[in-house]
Amino acid sequence: MSWLEKLLDKKNIINTRKASIPEGVWTKCPSCDQVLYRIALKENLEVCPKCQHHLRMSARHRLDGFLDKGERIELASEYEPKDLLNFKDKKRYKERLALSQKSTGEKDALVVMKGELLGLPIVACAFEFSFMAGSMGSVVGARFVDAVDTAIEENCGLVCFSACGGARMQESLMALMQMAKTSAALERLSNARLPYISVLTDQTFGGVSASLAMLGDINIGEPEARIGFAGRRVIEQTVREKLPDGFQQSEFLLEHGALDMIVQRHDMRERIGGLIAKLTNTSIRLEVK
């Protein structure tokens, strides 16, 4: 055997394998392109430490970071969506529901919990945007109404974090009816003289922005959140005009009176707790930072 054959002999070849990185360990900030460690980003409430861009949060992660640690009770979790119209577009509605339920672990796009905020009893709900773009169907409407009714029964404030693409087209008129249903429920909350704080996050559009998201006693936006009814492209095609840059961002809406304030995610607990305390004439438990 020649020296070359010996060199190429399989026994003399050392196999090297590239180290594989598990999927989901790293992510990239969509604003500054900074590569971020996923666990550290989650601990920082999905806020980029470099540019302070607010990334999307899951509903449960948001409520977990917002409510006090301790006992929390999930409300209306027994409601499950049904395909009453046997709707089909590129996929059957049942298939879309099954895929969203599997990927998110949620039954539908709204999570409601009862707990405390800085020692104050509160009902809080959050949209899960990853579930069919957070679209509002009959289950979302029913859960929101239950949240309102519980707040009235418990004589406490209600907070809602919106992240939604609009009414769920697969449920047709039943989805559109939720706009009136949720608005009527909020009228009962107002008559009970209980506060409703609406937090609009990126992105909040369609039937939710035209109903429950904009009906807060105080409407709060997260920084650079996109908020509107129709999308920019649809509006420009309709009015045949070029629209100003950032006209659907929270900063533009604050400047033009559509929002009351913009609050950083890390300040949300203290700011909302203080607002509810003032509106209900109660005191809060101050946190030591």
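Using N, Cα and C of the backbone, Cβ positions are placed for all residues, glycine too.
Not measured: the values here are computed from a predicted model.
Looking at 29-51, 144-166, 167-189, the stretch flagged in Swiss-Prot as zinc finger turns out to be 29-51. The most crowded of the binding-site residues listed here (Cys48, Cys51) is Cys48, judged by how many other CB atoms sit within 10 Å of its own CB. The binding-site residues examined here are Cys29, Cys32; by Cβ neighbour count within 10 Å, the least packed of them is Cys32. A coil conformation is recorded for Cys32 (Zn(2+) binding site) in the three-state DSSP classification, outside any helix or strand.
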